[in-house]
Amino acid sequence: MAAVKRIYSFGGGKAEGNRDMKDLLGGKGAGVAEMSNIGLLVPPGFTITTDVCVAFYKGGKKLPKDVLPGVEAALRKVEALTGKGFGSADDPLLVSVRSGARVSMPGMMDTVLNLGLNDRTVVGLAKRSQNERFAWDSYRRFCAMFGDVVLGMKPERKEDRDPFEVILERKKRAHGAKLDAELPVSALKELVVEFKAEVKRRKGIDFPDDPMQQLVAGIEAVFRSWDNERAIAYRRLNAIPAEWGTAVTVQAMVFGNMGEDSGTGVAFTRNPADGRNEFYGEFLVNAQGEDVVAGIRTPQKISELAARFPEIARQLEDARAKLERHYRDMQDIEFTIERGRLYLLQTRSGKRTGLAAVRIAVEMADARLISREEAVLRVDPAALNHLLRPIFDDAARLRAVDEGRLLARGLPAGPGAAAGRVVFFAEDAEAWKARGEQVVLARHETSPEDIRGMNAAQGFLTAFGGMTSHAALVARQMGKVAIVGCEALSFDYHARTMTVATARGPKVLREGDWISIDGTAGEVIEGSLATTPSEVMQVLIEKTREPSSAPVYQQFAKLLGWADRARRLKVRANADQPDQATVSVAFGAQGIGLCRTEHMFFGEGKIGPMREMIVAETLAERRAALAKLLPLQREDFAGIFRAMGGRPVTIRTIDPPLHEFLPQDPDGITELARATGKSEVHVRARIDELHEANPMLGHRGCRLGISYPEITEMQARAIFEAACEVAAEGLEVQPEVMIPLVGAKKELEHQAARVRAVAEAVFAERGARVRYTVGTMIEVPRGAVCAGPIAEVADFFSFGTNDLTQTTFGISRDDVGTVLQSYLENGIYEVDPFVTIDREGVGELMRLAVERGRRTKPNLKIGICGEHGGDPSSVEFCHQLGLDYVSCSPYRLPIARLAAAQAALREQAAAHPVKPARPAKANGRGGEKARATNRALAVPGVKPAKEPRKKRTRARPQARA
Ligand code: PEP
Ligand code: MG
């Protein structure tokens, strides 16, 4: 049997790998291979596969022995292509060692640069480059990086700086140097000695000088970094399975720090913040790549490159066009200029805000670079939230400017508006959030260690770094509001203060002070500013803006229009009030999937009669309370029917977990006593009597209606009277009455009979009929298992996956927090099953219910109305199960529409795999869909439907943060 290939070489105009091998080579490895294949100049190297990473962990975190000969052989090829020797004292080959997972995890794992340097090779490097300063500068950088990444030299306390930074700062002070570049060569040489001594002092080991030993240690360190704290946190946030592992790419170094004719940069082929079709990026002259990404020095704009390096700017523009044509997507590239020669180091699909994702997808489809189906697949459904998020109110902003509260401007890295109390440490952001505070995290710069705090904050603000710094990338990925490179800020972490250099002098902000950040305009404002709805919301919901003057809205509507054409699943909303129904229609609801009738009483002045009904002790008392509820419900139902304009409305009979509705506070008890004409003592005793140890498993759902059929009857009357009233106005109505928490056919028979009897009575009284149906929720395991007989009585099913998850797992929905945290931390669940359907358990019960229900009634309409209905992965699962619709909260409807379309397109692609080709006509018709979808499946950010998900489903409960 042929040995499994574990190392893939590239360079010299060809590669053993290609773009389709991300699973094995990681995004980076696949990208450099592909760029070599299409004739872009890439420094040669090789990629060690993700399989080796898996073997590394299985083998006790050691590089498998049989990998080493392959590494040596691949190294020989690089030597041949570069003409240099690894470890050569004459003309040394230096390499970078980089991580690269299947999907990009910006900055979460480690990198080592300039590997191969020691006291001998540095002399060869100095000689060959004829630049002693460069050679020693590279060497001191290598020592620091290797010390940090491979040898684990970290600051001792969080307030402390990097130990090598401290030595460097001391050295600069001693030489009166402001910049690193002002240090003399002698100082760089001293730094190498001092760095190594620091390693010896703190770690008790000699810094390794043998290049091969360095390389093995470097590769192992990068593999290890797959499991560092920040990578684990990032994986959890982005549902990346731990078993994927990272690849390692070892590549010949090219140097952007060889002098004033050298440089390095990163660029996006389109603007990643707003999606504009412009080359967007940054570069630094005489610097190494990490300087740009780490955001230590604020770089120059790519538009200024032509002035300095006109020929390079032209070549880069060509590469931009070539890569966009080839990948047919916005790319994020890294490049280095070494002595006037342009090298490309990386290309990958660029991270972008939701705003940019929609614009790029729509414009590329309009330009026929991609098909409309691909455009639909390109946008992560959750990213649509960016387009719905509030912005600062104009008047409030102007007032703040007049009052001198506009403190500073920075780069607008993550659009939207956020206000919060300022904190300076990521741990504080997490802790403050946990105690209910809204925070903005402000720092010199962020690092991957800060990831959890960044997630907890409303937004973040940094003093350093450009649009491609860590903070900016993470903001785009997480959809956070962010400003970076705000140079007016300086920090005193010990004093927990931030000083802003304003035109009126320095302004000191302390931890806990309120600030507002506008990630669209890049403005930092003192205090908490009022917000206003986004452009999409202004058009759709507020109706304060004309669509023709709202370009963002137009792109949003276009994309969702394409999605609607592609999807099979219908989308409905969970809405309990007429105004919510109106919002739902604006967001594209095709019906209401769940009207929780008990929620209709949450409103002002309505909870009283509901409580009276619950505490009633006799039938007469209950009827009296119900008589008060009837007109309230009827009015709301009529409002909902009118707002829904003939679309189906599923109304669920009352399902109040009693503890949510009974008063606990003295005022509430006094009020209830007054309303019922009973003593407070009596009311309190009745509340105690109704107390349940497990209210979620208690007297709720159809159980209540069975104990007190008059409640169901009142509700049915309200529904049918409202329906007749609206029908009499000439409007269409489609009521669907839904009975909750059914586990047995007889429960449904009991309740359905009451509903139908009331319907007939109302129709007889009104002399008119309306079409209606009676169905049930499937939300306890017994209901799923007994779906066959239940379907004999039900006109439809709707999965209540909140309760179905609760009862299948046996974990209380109300108390899940602590269990969940521990389970997520221990890797027992990958993600929260209350957020994403657990396909393996809950999902199997759903499958069973669909099969059994439809065996009884082949055309049984089936939907879902649990919270999962707005979660993209769960929507995909519902599509796969053959449900008719998903129902979710109104604001998640755009997400559900897009996710439903993506599920349909992926299914088509899986059924008709066609080799992707450039679309001849991007008109969204004909046999285009399958081709388009096949390609889009490979786009990061668009979750591959099939292979990773299925794998995880078998492995453990399926869920996503
Ligand atoms: C459910 O259980 O999924 C459901 C929709 O009902 P509720 O959340 O009201 O219990
Ligand atoms: Mg329920």
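Keep in mind that glycine also has a Cβ here, set from the backbone N, Cα and C atoms.
Computed from a predicted structure; not experimentally measured.
Here TrEMBL flags H470 as active site, tele-phosphohistidine intermediate.
Here TrEMBL flags C865 as active site, proton donor. Packing around C865 (active site, proton donor) is summarised by its Cβ count: 28 other Cβ atoms lie within 10 angstroms of its Cβ, all protein chains included.
Annotation comment: TrEMBL describes R596, R652, E779, G800, T801, N802, D803 as substrate binding site. Sequence-distant contacts of D803 (substrate binding site), defined by Cβ-Cβ distance under 8 angstroms and a gap of at least six in the same chain, are M696, L741, M777, E779, V780, R813, G866.
Classification of E779 (substrate binding site) by DSSP places it in coil, neither helical nor stranded. Among the features that TrEMBL reports, Mg(2+) binding site is placed at E779, D803.
What TrEMBL records for 948-961 is compositional bias 'Basic residues'.
If you look up TrEMBL, you'll see 23-59 (among others) marked as domain 'Pyruvate phosphate dikinase AMP/ATP-binding'. Model confidence over the domain 'Pyruvate phosphate dikinase AMP/ATP-binding' (23-59) is summarised by a mean pLDDT of 96.
Residues or ranges marked as domain 'Pyruvate phosphate dikinase AMP/ATP-binding' in TrEMBL: 70-302 (among others).
What TrEMBL records for 313-365 (among others) is domain 'Pyruvate phosphate dikinase AMP/ATP-binding'.
Sequence annotations record features per position, and here TrEMBL assigns domain 'PEP-utilising enzyme mobile' to 437-522.
Among the features that TrEMBL reports, domain 'PEP-utilising enzyme C-terminal' is placed at 555-903.
According to TrEMBL, the feature region 'Disordered' maps to 910-961.
The substrate site, placed at the center of the C-beta atoms of R596, R652, E779, G800, T801, N802, D803, has further neighbours from the same chain whose C-beta lies within 8 angstroms: L594, D655, P740, L741, M777, S798, F799, L804, C865, G866. Following the DSSP three-state reduction, the secondary structure of N802 (substrate binding site) is helix.
In this structure the alpha carbons, written CA, of R596 (substrate binding site) and C865 (active site, proton donor) are 10 Å apart. In this chain, the domain 'Pyruvate phosphate dikinase AMP/ATP-binding' (70-302) touches the domain 'PEP-utilising enzyme mobile' (437-522); three or more CB pairs sit within less than 8 A of each other, excluding pairs fewer than 6 residues apart. Looking at R596, R652, the binding-site residues in this record, the fewest other C-beta atoms within 10 angstroms of the C-beta turn up around R596. Among the recorded positions listed (R652, D803, C865), D803 have a CB atom closer than 6 Å to some atom of ligand 2, in sequence order. Same-chain residues lying 6+ beyond the ends of the domain 'Pyruvate phosphate dikinase AMP/ATP-binding' (23-59) with a Cβ under 8 Å from its Cβ atoms: 4-17, 67, 71, 74-75, 77-78, 81-82, 95-96, 98-104, 219-220, 223, 226-227, 243-254, 319, 322-323, 326, 341-348, 940. When other Cβ atoms within 10 Å of the Cβ of N802 (substrate binding site) are tallied across all protein chains shown, the result is 16. In the structure as shown, the Cβ atom of G800 (substrate binding site) sits within 10 Å of 29 other Cβ atoms. Checked against C865 (active site, proton donor) by C-alpha proximity, the binding-site residues R652, G800, N802 yield G800 as the nearest. When other Cβ atoms within 10 Å of the Cβ of T801 (substrate binding site) are tallied across all protein chains shown, the result is 29.
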